[in-house]
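Take a look at the structure below.
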Amino acid sequence: MRIRFTKMQGAGNDFVVLDETRGTLGLTAAQYRFLADRHFGVGADQILTVRPPSKGAAEGVDFQYVIHNADGGEVEQCGNGARCFMRFVREHHLTDKDTVRVETLAGIIEPRMGADGRVTVDMGPPIFEPARVPFDTAGLDPQPTGSWHTWHLALGTHADSAIVSVAVLSMGNPHAVQVVDNVDTAPVARQGPLIEHHPRFAQRVNAGFMQVVDRSHIKLRVFERGAGETLACGTGACAAVVAGIRLGLLERRVDVQTHGGVLTIGWEGEGHPVLMTGPATTVFEGDIEVPELP
């Protein structure tokens, strides 16, 4: 099967974008993995699919936004991808609106195209209840910090174990954020997989490593669930800033420096949505022959 694709990136987080507004391609998990493969496919952190609203979608929804990780699994949300989604539907003349309502597994989001070409996404309010992350707190005691708390997680075997302190929340997908002294030397490669697959996270988790530079500036690395460390993670940036605000470390508007670029995150507090602003760029377009894979 030969398909048309668009390669895009937002702050270095890269995507293959597929247009299914005129009909579904019916790709399997193995075929999504093929497209994401950097040696045999196109190469991407995630595969993003544009579809019409689903049956029973809320009134006023313009599109459905479907996300598959590089491992082929479907996930709830991707912030950097949402910005690329907005640029895609504008550049491909699927809408002429500056703001669209988009249906995801995590709920409705509203990307907005700015006059400067950057895209702002209303990511909705963060979720703090452990059961909704989901995060199993049985036998754990919260560690009060600022106006919130963190949790101690044991990682690794007895011979090579560590205790890390993480703030746990959901931005439509689960995040565990820890504050580190130096993000460049943080043990992302070692601890990231252990946190991602920690048994207390039933759906696995994105592991964030945040260095607070000052109250309006952080540096961030994220080991993404199903993708590994990426150059940037939009929901990870949102989760880190929200955690930092609740822990008393950050102001309401923060620039997040990732390896791929800068994202600006704003949050006014409990019950308010998180707003994420950043770049979205088309890299190239093409066609690829996708083999029949189960």
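Even glycines carry a Cβ here, placed using N, Cα and C.
For C78 (active site, proton donor), the same-chain residues 6+ apart in sequence whose C-beta sits under 8 angstroms from its C-beta are N13, Q46, L48, I67, N173, G234, T235. What Swiss-Prot lists as active site, proton donor is C78.
Taken from Swiss-Prot, the feature active site, proton acceptor covers C233. When other Cβ atoms within 10 Å of the Cβ of C233 (active site, proton acceptor) are tallied across all protein chains shown, the result is 34.
Taking all protein chains in view, 31 other C-beta atoms sit within 10 angstroms of the C-beta of T235 (substrate binding site). When secondary structure is read from DSSP and collapsed to three states, T235 (substrate binding site) falls in the helix class. Swiss-Prot lists N13, Q46, N69, G79, N80, N173, N206, E224, R225, G234, T235 with the feature substrate binding site.
Put simply, the two farthest-apart Cα atoms among N13, Q46, N69, G79, N80, N173, N206, E224, R225, G234, T235, the recorded binders of substrate, are 17 Å from each other. For the pair C233 (active site, proton acceptor) and N80 (substrate binding site), the Cα-Cα distance reads 6 Å. Of the chain residues outside the substrate site list N13, Q46, N69, G79, N80, N173, N206, E224, R225, G234, T235, D45, V75, Q77, C78, G81, V222, A227, T230, C233, G236 have their Cβ within 8 Å of the site's Cβ mean position. Each of the binding-site residues N13, N69, N80, N206 was scored by the number of other CB atoms within 10 A of its CB, and the lowest score belongs to N69.
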